[in-house]
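Engineer: This structure is in structure tokens; I'll ask about it shortly.
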Amino acid sequence: MKPFQNLSKSIKAKNPISIFTKNLSNFPLDSRNITNDLISIFTKQPFSSNNPELESLAPLLNTKVVETVLNGLKNWKIALHFFTWASNQGPYKHNVYAYNAMASILSHARQKAPLRALSMDVVNSRCLMSPGALGFLIRCLGNAGLVVEANLLFDQVQKMGLCVPNSYSYTCLLEVLSKSSCIDLIEMRLKEMNDHGWGFDKYTLTPVLQVYCNTAEFDKALDVFNEIHNRGWVDEYVFSILVLAFSKWGKVDKACELIETMQEKNVRLNKKTFCSLIYGFVKESRVDKALHLFDKMKKSGFAPDISLYDVIIGGLCVNKDVKKALCLYSEMKEFKIQPDAKIVTMLISSFSKEEELTCFFEEMHEDIDPKASTLLYNSVLTSLVDNGSAHKAYHLLQAIMTGNCIGDGEIGRLFRGKAMVPPNTTTFSIVINGLIKTGNLDLAVGLFRDMARIGCKPGLLLYNNLIDALCTSDRLQESCGLLQEMEDSGVEPTSFTNNCIFGCLCRRHDISGALHLLKKMRIHGHVPWIKHSTSLVKELCKHRKEVEACKFLADMAEEGFQPDIVAYSACLDGLIKIQEVDQALKLFQDMCAQGYRPDVIAYNILIKGLCKTQRIAEAQNLLHEMEEKGLVPSAVTYNTLIDGLCKTDHLEEAMLFLSMMIEKEREPNAITYSTLINGLCNAGRPDDALVLWNEMGRKGCTPSSIAYMAFIHGLSNCGRPNEALVYLREMEEREMKPDTYVYVALLSAFLVDSNPPLAFEILQEMVDKGKFPDLHDKNHISVRNAILKLSEDARTCSSIKNLLAKGIIPSASLSVTGIKDGDGAAI
């Protein structure tokens with residue numbers, strides 16, 4: 001934004017105006033009765049739209065009655081129901097105040113979809129409004145995060161002549177736009193205000209300052225701040241915006257400078273800003289600045305709370321500044337603030353010297369009563385667990401339970417002579433969870449049993465963690481036993497609890513067990529996690545149990561749990577892999593009949609199956625069906641069809657699909673081109689294949705090793721070995737390693753082309769690179785025949801014999817070829 005010296009000097013500061021009057025004392029008695037009756041009818045359950053009393057009240061509706069009823073309804077759904085009903089009672093018509101009452105309710109309830117529809121309805125109904133009413137509606141949209149809708153509404157009401165915005169309307173819009181990061185838009189609106197002659201005030205410039213701060217445009221932010229300052233409008237809120245922005249973006253020193261400036265001008269920070277800055281400084285590892293600000297906060301008369309001590313002590317502990325952390329701990333006691341487990345744990349974890357820990361431990365014992373001592377023990381246990389010493393924590397807890405010292409180690413000396421307080425549920429939870437995380441599940445289970453024996457009742461979280469760990473370790477029987485104990489003790493299992501066991505059953509492929517649990521989950525209103533049922537279906541299909549997978553999905557649906565489309569797709573894929581294409585098509589049709597909307601992946605699976613079985617016409621029909629349903633075919637869709645068409649000798653149609661991909665902005669990839677190039681080579685059209693290969697390069701599509709090998713193989717089979725060799729060298733330059741079949745194709749092609757020397761060069765390269773096929777390789781016979789031909793050619797015979805003599809070519813595999821050495825003996 002340009003400097004502000006060119007802005008209008010006129011200042012028209014406006015306070016927000018009140019739109020609604022909720023005081024019923026000035027409301028006529030008849031209207032009050034109508035209002036109360038309507039509220040009673042709409043809040044009474046069950047509601048009936050055919051209520052005779054409602055029909056008699058409809059003709060008495062007016063905008064004031066509707067507005068008052070809306071403000072009297074506590075539930076947004078009921079309010080929207082009433083608002084919709086009223087809009088259908090002609091000749092009544094909503095005015096802007098009724099719309100704003102409904103907008104306010106929806107905005108407070110954060111109901112974006114109905115609020116968005118309401119803003120459209122305001123425009124479509126051509127509802128006239130004052131600038132103040134427009135501003136109120138804009139703010140309602142902004143408070144719900146509908147920034148785009150607010151900006152659109154502002155333009156629409158002007159264009160349709162429904163309202164002429166004033167400076168207040170613009171200010172409201174700027175406030176909403178400040179919640180986004182669109183600087184260009186807010187600058188455009190500011191220019192509009194200036195062009196219309198509307199003056200800028202503090203309420204106009206503050207949101208502009210906010211958006212620049214949000215986007216770290218500090219030069220522009222300072223320009224706006226200076227403008228506000230020069231006009232004498234700077235207050236605590238304006239200062240706070242800039243200070244917090246500096247802190248947020250890591251400009252700690254700049255924030256501190258600004259705080260000093262604020263103090264010089266007698267502008268005080270509020271407690272919320274103090275806290276935010278302290279949090280920000282600690283986050284940036286500037287604990288020194290945080291402490292300085294903390295002292296200022298206390299001198300300003302604000303009492304610190306435990307959360308602030310938590311943050312600063314935590315920062316000091318991270319920096320290993322234990323002395324200052326302990327000073328703050330002592331200060332907390334002076335303020336009568338009881339330290340929580342987090343603070344004590346952080347302090348204990350930060351002590352590097354045993355003396356510090358012992359001193360702190362002694363001080364804690366002096367300050368707290370036996371009951372509060374549990375906090376200290378729990379903090380020590382947490383520290384041990386967090387530092388990877390879950391075993392030490394386990395032995396300490398054993399000592400606490402028995403009331404004995406645990407030895408001469410550091411922990412033993414700390415607890416020697418101290419009265420051992422009974423452990424509580426938290427104590428056990430700390431150690432059990434630590435043992436679970438370190439894989440000591442047996443110890444965790446044993447400790448859980450000890451817990452029950454001494455009368456400590458486990459909570460839901462501990463049950464869940466232990467059941468989850470047992471299920472992950474495939475200890476299903478123990479998990480189910482623990483679930484039963486949980487229910488018997490009155491702890492209600494959650495969806496998480498049942499899903500842990502459901503997941504274990506699915507991983508075991510225990511279909512009957514999984515279905516039995518689903519019945520139980522349905523009764524309790526628990527929904528099975530999709531990932532587990534999908535995983536089971538995938539595993540069943542992987543083990544060629546597609547029929548069982550389909551039945552499981554059907555049984556799930558019978559229990560009222562609709563499987564995810566991913567699970568159905570996995571089942572479709574399994575059926576396709578065993579060539580049960582018709583069964584897959586039937587399952588697909590059943591899915592659609594049940595209301596599922598198959599995605600692109602599901603269609604791709606079916607198209608692939610149809611193409612593999614050469615049912616190309618049906619595959620193309622599925623493509624058309626996809627497009628009719630509004631789905632956009634992917635590159636995989638087109639590639640699959642192109643592959644099917646190439647393999648069924650429909651090359652021209654395959655090329656049309658390539659053109660279609662480009663037209664529909666589905667960029668062909670290396671697979672697309674490789675498939676077509678391979679198809680052209682197989683059809684004896686190497687020149688067309690070369691054209692397409694070059695086009696692939698021009699399109700910036702880098703060939704993969706598979707593409708190179710298919711091209712080289714294709715050119716070789718078309719009797720173009722010299723060109724194939726060029727691309728082999730290019731492939732090697734790109735550090736790609738060809739497979740054996742590529743060398744074999746080149747070797748055979750050079751022999752057919754009557755070029756034994758180059759054929760031998762390829763054979764030599766195969767040997768040197770370890771690509772010589774063994775006896776069980778399907779390429780072995782071709783290579784053996786090639787060697788025989790090379791041994792019969794005068795130009796390569798001696799080289800072949802030399803390789804055989806040195807054992808570079810395994811002679812055992814060539815004993816039947818009839819090659820003889822110089823003495824006439826068979827090799």
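Note: Cβ is positioned from N, Cα and C throughout, glycine not excepted.
Small disclaimer: the values here were computed from a predicted structure and weren't measured.
From TrEMBL, for reference:
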type   : residues : note
DOMAIN : 208-331  : domain 'Pentatricopeptide repeat-containing protein-mitochondrial'
REPEAT : 235-269  : repeat 'PPR'
REPEAT : 270-304  : repeat 'PPR'
REPEAT : 305-339  : repeat 'PPR'
REPEAT : 424-458  : repeat 'PPR'
REPEAT : 459-493  : repeat 'PPR'
REPEAT : 494-528  : repeat 'PPR'
REPEAT : 564-598  : repeat 'PPR'
REPEAT : 599-633  : repeat 'PPR'
REPEAT : 634-668  : repeat 'PPR'
REPEAT : 669-703  : repeat 'PPR'
REPEAT : 704-738  : repeat 'PPR'
REPEAT : 739-773  : repeat 'PPR'
Engineer: Kindly report the helix/strand/coil residue split of the repeat 'PPR' (669-703) according to DSSP, in that order.
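Structural biologist: Split into helix, strand and coil, the repeat 'PPR' (669-703) gives 26 helix, 0 strand, 9 coil.
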Engineer: Same chain, outside the repeat 'PPR' (634-668) by at least 6, Cβ under 8 Å from its Cβ: which residues?
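Structural biologist: Distant contacts of the repeat 'PPR' (634-668): 600, 603-604, 607-608, 610-612, 614, 616, 619-620, 623, 626, 675-676, 678-680, 682-683, 685, 696, 699, 701.
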Engineer: Report, as numbers and ranges, which residues of the same chain sit near the repeat 'PPR' (459-493): CB under 8 Å and 6 or more residues beyond its ends.
Structural biologist: 425, 428-429, 432-433, 436, 441, 444-445, 448, 500-501, 503-505, 507-508, 524
Engineer: So which residues does the repeat 'PPR' (235-269) touch in its own chain, when a touch means Cβ under 8 Å and the partner is 6 or more beyond its ends?
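Structural biologist: Same-chain contacts beyond the ends: 202, 206, 209-210, 213-214, 216, 218, 221-222, 225, 228, 276-277, 280-281, 284, 286, 289, 292-293, 296-297, 300.
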Engineer: Please indicate, using numbers and ranges, the residues of the same chain that are 6 or more beyond the repeat 'PPR' (704-738) and have a C-beta under 8 Å from a C-beta there.
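Structural biologist: Here the qualifying positions are 670-671, 673-674, 677-678, 680-682, 684, 686, 689-690, 693, 696, 745-746, 748-750, 752-753, 755, 758, 769, 771.
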